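Novice: According to TrEMBL, the record shows the following:
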ACT_SITE  LYS15  active site
ACT_SITE  ASP141  active site
BINDING   PRO99, VAL100, ALA101, GLY102, GLY103, MET104, ALA105, GLY106, GLY107, SER108, ALA109  ATP binding site
DOMAIN    71-149  domain 'GHMP kinase N-terminal'
DOMAIN    206-283  domain 'GHMP kinase C-terminal'
Amino acid sequence: MSMEPTMVKVRVPAKVNLGLAVGPVVSGYHQIATVFQAVGLYDELVAELAEPGVCELLGDLPDGVTVGEDNLAIRAARLLMARFEPTSGVRLRLRKRIPVAGGMAGGSADAAAALLACSVLWDLDTDPDDLLMYGAQLGSDVPFALMGGAALGTDRGNRLAPALSRGHYHWVLVFGAEGGLSTPEVYRRFDELNPTPASPSVPTDLLEALTSGDPHAVAEQLFNDLQPAAISLQPKLGETLEAGRAAGALAGIVSGSGPTTAFLAASESAALDVARQLKAEGHQVVRVQAPVAGAKIIG
Ligand code: ATP
């Protein structure tokens, strides 16, 4: 007889895009080709059994996120509820550390966490591929939050193939000081700046650099087609990128649609130095290692 847990705790990582190529719009969505890397900055989600039919989210959430039906964690739990009709409900509690509207796919991470937590809590007949499929229905970054590690993402970023990756990478993340950036707005600015984008592909040089395990090689290949659009909406990001390089980072990029910026350091001690310097200049920084595993049960 299997004992079902009454509570499941999941932690789920944020991502950076080591390379992000953006192409034309097909069927309403921009085609992208990207290399995702999961970084050690986590949201935590606790799912507890509740009375039948209940699906709610509690938690002291940061500005810009509500506990209502549009929260991606609730939408994920509701999707499984509709599909499997479990005999119990669920009460979710969310602890957010991934910046909101920061270009690190925090909302997608929470959807991934809710899919994993609820499937275990309700003892659903789902395998990892099923969860990837439900994840893709919720948002194009959700499958990667389940998968973790490093992966090549194509189409809308939802078609994933694991990327060979060697070594540990040390990042210093700088959170945006001027509030979040709306992803659709950044894409609109991208369209204005790039009226006829080419079909997107990830350079093999970046993939090769990642297999070398050498942060210097990876640093040379970092790129983000959305960066000029993000900087045009928040010009201070250009200065932040300069500050990170001046502080000793090998390279810096805007993460996804921004405004988080990510600085790759040559080693852990180099990352400490970069973080210390940027902090002294008044930036909000956090140091993380990568790659890390995707959504994972921790209790
Ligand atoms: P991406 O990099 O995937 O484009 P992002 O990291 O820039 O996304 P998110 O933090 O994922 O941005 O959130 C974008 C918007 O989604 C927020 O403004 C918020 O209103 C909404 N949202 C819904 N659910 C969540 C959630 N659980 N956490 C954060 N935002 C959420």
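From the backbone N, Cα and C atoms, a Cβ is placed for every residue, glycine too.
These figures come from a predicted structure and were not determined experimentally.
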Novice: Please list residues from the chain of GLY103 (ATP binding site) whose Cβ is under 8 angstroms from its Cβ, counting only those at least six apart in sequence.
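Specialist: When sequence neighbours closer than 6 are ignored, GLY103 (ATP binding site) has LEU181, THR183, ALA230, VAL254, SER255, GLY256, SER257, GLY258, PRO259, THR260 within Cβ distance under 8 Å.
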Novice: Of ALA101, GLY107, ALA109, which binding-site residues come close to ligand 1, meaning Cβ under 6 Å from one of its atoms?
Specialist: ALA101, GLY107
Novice: Which entry in the list of binding-site residues, ALA101, ALA105, ALA109, has its Cβ near the fewest other Cβ atoms, using 10 Å as the limit?
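Specialist: Comparing Cβ neighbour counts within 10 Å for the binding-site residues ALA101, ALA105, ALA109 gives ALA101.
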Novice: Whose Cβ, among the binding-site residues PRO99, GLY107, has more other Cβ atoms within 10 Å than any of the rest?
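Specialist: That would be GLY107, with the most Cβ atoms nearby.
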Novice: When the pLDDT values for the domain 'GHMP kinase N-terminal' (71-149) are averaged, what is the result?
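Specialist: Mean pLDDT across the domain 'GHMP kinase N-terminal' (71-149) comes out at 97.
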Novice: Please count the residues of the domain 'GHMP kinase C-terminal' (206-283) that DSSP assigns to helix (H, G, I), strand (E, B) and coil.
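Specialist: So the counts come to 45 helix, 11 strand, 22 coil.
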Novice: Starting from the ATP site formed by PRO99, VAL100, ALA101, GLY102, GLY103, MET104, ALA105, GLY106, GLY107, SER108, ALA109, give every other residue of that chain whose CB sits within 8 Å of the mean position of their CB atoms, in sequence order.
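Specialist: Same chain, not in PRO99, VAL100, ALA101, GLY102, GLY103, MET104, ALA105, GLY106, GLY107, SER108, ALA109, Cβ within 8 Å: ALA14, ILE98.
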